[in-house]
């Protein structure tokens, strides 16, 4: 494939083959250090762990080395941080992928604690093993831990479809439908009941950020809330307005405290926003149900179901712990409210349909960056997160606009790109394609990042031919941009052109290596 100059735009047809560079000799093989299993599940626990048909069962709990987790997270790269507060979070959570024969490419979430959180490594390991014995389809299960010097890390199943907080409070295109909200409440109540039955009843800081959505869009409860910071004993990191009254009095968490926090989640589901419990109770007592319901749900829910949920939330938020219902009562009340059981969660949540894992291309010949690793694994979700986090950093210098060119048409074009960015961030890939196409069609400004993002959108919509065209367009705009080659590698693999895909991966890694050397200097 020939390269175009950065000032030219090319047609939409795809050349027959992408460009190739000379292949360097492969590096010597690296030894693999397998994980050390701590224990295996008994038959009863294994049966309890059966999840949705398309979801892989959680592996046995294991102890990991720091080197393994560093490799899995790309050296704890900032691009792999998935904590809601980003790098400002006190305990960072990273996306990762287990490498080597023992890892099997499994996606993981790695929680990295601050150095003073768990001073006693034995206490940390014992607590982690206790939580690691739990296995349930309604939970993002803990699959391992790491104690290395001052480092304390937990390893859990990775949930790729964000948090309940993200879907409730930060949506741009579509509010969660009513039946899905009822499903969330029921699934989390089931998870809490399971933990209680397994003698792990205390869940710390239960809130909408602890509710995660798996590859099928099913809601799951994060296992991280089953462990607390052992040094300061804090169980609630959120605003004190949302903590149980008894915790403010004596600093202790009880099963009734967990029920109170569950009540705050019910209020979140009803209102679509964070309302302090005292204010929510005042609204419930003095006004109609409609006052607390999210306006986007108007006319889309059953008054009887909403009344039941509001009444249950009110009981959970009672000041006196003895006046709150127990976990079993929550489950029994929420179970009859479940509707649309035949509709998959991913449909109601509005996330892409889960697919079988595509065949990955052969291993490249160079060490890869997080972007390269994601592309070599065909991990479209990881690629999406990286493209969101890098934003338009690589577009600098590709366009220089004079004052005369800053027209209303230009403003409209940038507005289309902005709308595309919002849709891309929120995984509304079809809308992102439409908005980015409006931007591209004007032609005043050429952005390699827009082509890369639209390429990924096409991949998410099972359009590999269009994805390859856009990745090649990105290369034409920015001939030595590694991301353009990486996106071509993914599209080629989707088109079953594995040899060409490997060439693209190697070429991209060479470009990245060359870029790093130029930054460091001689």
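Placement of Cβ uses the backbone N, Cα and C atoms for every residue, glycine included.
Annotated active site, proton acceptor per Swiss-Prot: 205, in sequence order, evidence recorded as sequence analysis. Taken from Swiss-Prot, the feature ATP binding site applies to 85, 86, 87, 88, 89, 90, 91, 92, 93, 111. What Swiss-Prot records for 79-338 is domain 'Protein kinase'. Taken from Swiss-Prot, the feature N-myristoyl glycine covers 2, and the record attributes it to sequence analysis. Residues or ranges marked as region 'Disordered' by Swiss-Prot: 1-54.
When pLDDT values are averaged over the domain 'Protein kinase' (79-338), the model yields 88. The Cβ of residue 91 (ATP binding site) has 17 other Cβ atoms within 10 Å, all protein chains considered. A sphere of 10 angstroms centred on the C-beta of the residue listed as 'active site, proton acceptor' encloses 18 other C-beta atoms. If you draw a 10 Å sphere around the CB of residue 93 (ATP binding site), it holds 21 other CB atoms from the protein chains shown. In this structure the alpha carbons, written CA, of residue 91 (ATP binding site) and the residue listed as 'active site, proton acceptor' are 14 Å apart.
If you measure from the Cα atom of residue 93 (ATP binding site) to that of residue 205 (active site, proton acceptor), you get 16 Å.
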